[in-house]
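Below is one structure, written out as structure tokens; comments come after it.
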Amino acid sequence: MSTEQFVLPDLLESCPLKDATNPYYKEAAAESRAWINGYDIFTDRKRAEFIQGQNELLCSHVYWYAGREQLRTTCDFVNLLFVVDEVSDEQNGKGARETGQVFFKAMKYPDWDDGSILAKVTKEFMARFTRLAGPRNTKRFIDLCESYTACVGEEAELRERSELLDLASYIPLRRQNSAVLLCFALVEYILGIDLADEVYEDEMFMKAYWAACDQVCWANDIYSYDMEQSKGLAGNNIVSILMNENGTNLQETADYIGERCGEFVSDYISAKSQISPSLGPEALQFIDFVGYWMIGNIEWCFETPRYFGSRHLEIKETRVVHLRPKEVPEGLSSEDCIESDDE
């Protein structure tokens, strides 16, 4: 196999869960896209990437059971995450931490406002979320947001130093900076439940939780690797971490990721079957619906041009990825996004 191409693992084969889409997708997606575009945050190129990425379609797959209002809220959140992610990818460690602080403070403190677009967008999302979210769910969501922003800053610092972590250090970082855990927290919001903190201390519950999270993170990394290497952003990717740590080539690494993703799914199914009924039906319901992230994310990755460009449907069939050349970077208007009115 040429080093200029590789074959993706067949993650659909290893994930027996059934995919579905949300009937409210078109309306919720259009409203959310208009909302975020109304702030004129993106350069022309970034706006095109935003539209092509179809973040709202991801929500339709992974939250297929959500009501109309709840789906709109999840679409707003993944679009907000796109803004934070795209801004921080263009920044050094200091800049990414400043962006993260704006995001976190606007999320946590209702009366805090630095006048920036990011703060305004974040506060508008939070007003929608807290209207229906329970108090424990809200607190966990904000705590996860703090961890997410810290890890996004750490990712930028690692990128600035051209430093690759070892696998043991990368996994906890990726669990947080991927925002998957924040997206899992939205499951409680959608279902209208507010799990006790003790549920998140249960061994089998957390084993299923982490297995689902890792499957989503590793799958996303193998699918996004070509796009990220073309942008010079592959340092925060399990593919680069494993090749560096294990001395394997790209194809060997892709094959290994496929094996591990299959194991994550098996671990999730096994742990879910062992969750004690004493945790209550809502705990099992939550874990059930978290699982749809594993299959929904896979389907979405092939359904849009975000990772594979115009050949995304062909690549779903052949699984052959031809590596793209490095891009000439064009920034997103990050200064406008985080600059306050007072400056």
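Cβ atoms here come from the backbone N, Cα and C positions, even for glycine.
According to Swiss-Prot, the protein carries these features:
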- Asp85: Mg(2+) 1 binding site (BINDING)
- Asp85: Mg(2+) 2 binding site (BINDING)
- Asn220, Ser224, Glu228: Mg(2+) 3 binding site (BINDING)
- Arg306, Tyr307: (2E,6E)-farnesyl diphosphate binding site (BINDING)
- 85-89: motif 'DDXXD motif' (MOTIF)
- 220-228: motif 'NSE/DTE motif' (MOTIF)
- Phe82: site 'Plays a critical role in the stabilization of intermediate cation' (SITE)
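Structure with Swiss-Prot features highlighted.
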{"residue": "Phe82", "record": "site 'Plays a critical role in the stabilization of intermediate cation'", "contacts (Cβ under 8 Å, 6+ apart)": "Ile36, Phe50, Gly53, Asn55"}
{"residue": "Asp85", "record": "Mg(2+) 1 binding site", "contacts (Cβ under 8 Å, 6+ apart)": "Val152, Ala179"}
{"residue": "Asn220", "record": "Mg(2+) 3 binding site", "contacts (Cβ under 8 Å, 6+ apart)": "Ser178, Asn297, Cys301"}
{"residue": "Ser224", "record": "Mg(2+) 3 binding site", "contacts (Cβ under 8 Å, 6+ apart)": "Asn237, Cys301, Tyr307"}
{"residue": "Glu228", "record": "Mg(2+) 3 binding site", "contacts (Cβ under 8 Å, 6+ apart)": "Ala234, Asn236, Asn237"}
{"residue": "Arg306", "record": "(2E,6E)-farnesyl diphosphate binding site", "contacts (Cβ under 8 Å, 6+ apart)": "Glu49, Gln52, Gly53, Gln54, Met227"}
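A coil conformation is recorded for Arg306 ((2E,6E)-farnesyl diphosphate binding site) in the three-state DSSP classification, outside any helix or strand. Sorting each residue of the motif 'NSE/DTE motif' (220-228) by its DSSP state yields 9 helix, 0 strand, 0 coil. For the motif 'DDXXD motif' (85-89), the number of residues in each DSSP class (helix H, G, I; strand E, B; coil) is 5 helix, 0 strand, 0 coil. What surrounds the Mg(2+) 3 site, by Cβ distance within 8 Å of the Cβ centroid and not counting Asn220, Ser224, Glu228, is the set Asp221, Ile222, Tyr223, Tyr225, Met227, Asn237, Tyr307 from the same chain. As a whole-number mean, the pLDDT of the motif 'DDXXD motif' (85-89) in this prediction is 73.
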